[in-house]
Amino acid sequence: MDNHKSIPLPPQPPELVQPPNQAQVATPTVGDCDVLHYDGFSYGIHPPPIEAHAYEIKPSLIRLIQSSKFLGNGLENPYDHLDYFDRLCSTFRICGVPKDSIKLILFPFSLGGKASQWERAIPSHLVNSWDDCKRVFLLRFYPIQRTHQMRRSILSFQQGSHETFHEAWERLRGYTRDCSHHGFTREAILSHFQSPKRVCMKTSSGQLCKISWIDWKSS
C-alpha cells in the first residue's frame with residue numbers, strides 16, 4: 001500500500017492564475033526604453049484651452065517678437081524685457097483669443113539662449129496664467145542676491161559730487177524701476193531722497209529744489 005498521500009497545493013493568488021486561452025502580456029525589456037516616442041507638450045509655457053476654433057498668428061508678428069530676445073546671460077534686466085514685451089502685445093489683438101493667452105503663446109518666442117532652455121524645461125502645470133509666467137520668469141532671472149543689492153543701492157543712495165539734483169533723482173528712479181519689488185513705499189523713498197544728508201537741495205543758481213508726487217508719477 002502506498003503510504004504517500006498527495007499534499008494539496010495552496011491556492012494561488014488570482015493575479016497568478018492564467019486564464020485558459022489568454023495570451024500572456026510581454027514583459028518589458030531594457031531595450032524598450034530605446035524606442036523613441038513623443039508625449040506632446042508636457043514641458044514649457046502654454047496657454048490654457050482657447051475657445052476660438054480658428055485663429056492665426058502671422059509669421060511677421062513672431063519675427064517682431066523675436067527681434068528683441070531675452071538671453072538670460074545675467075546682463076539683462078528681466079523687468080525691461082517684460083515691459084517691452086507687454087508694449088508689443090498691446091499694439092495688436094486676435095479676435096476670440098484673450099490677451100493673456102496671446103502673451104503665453106508668444107512669450108517663448110521672445111526668449112533665446114539660456115532663457116529658452118529654461119523655458120523648455122518648465123513643467124507645464126506650473127504656468128496656468130500670464131501672472132504665473134511673469135512670476136516664474138522673475139524668480140529665475142532676478143535672483144534674490146540682485147534684489148538685496150538693489151535695495152542696498154536705494155538705502156545707501158548719495159548724490160554724486162558732479163551730479164545735479166535732478167540727475168541724482170533720475171538715477172534713484174532708475175534703481176526703483178530696475179527693482180520694482182524693492183518693498184519701500186513712495187513716501188519713504190521721497191523722504192529718504194530729500195534728506196539734506198543725501199542730496200543738495202539747491203541748484204547752482206540757489207533755487208530750492210523739491211520732488212513732489214507729480215514729479216514721481218511723470219518720471
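For all residues, glycine too, the Cβ spot is worked out from N, Cα and C.
Some features that TrEMBL has for this protein:
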| type | residues | note |
| --- | --- | --- |
| REGION | 1-20 | region 'Disordered' |
| COMPBIAS | 8-17 | compositional bias 'Pro residues' |
| DOMAIN | 106-193 | domain 'Retrotransposon gag' |
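Restricting the average to the domain 'Retrotransposon gag' (106-193) gives a pLDDT of 87. Residue counts for the domain 'Retrotransposon gag' (106-193) under DSSP (helix as H, G, I; strand as E, B; rest coil) come to 62 helix, 2 strand, 24 coil.
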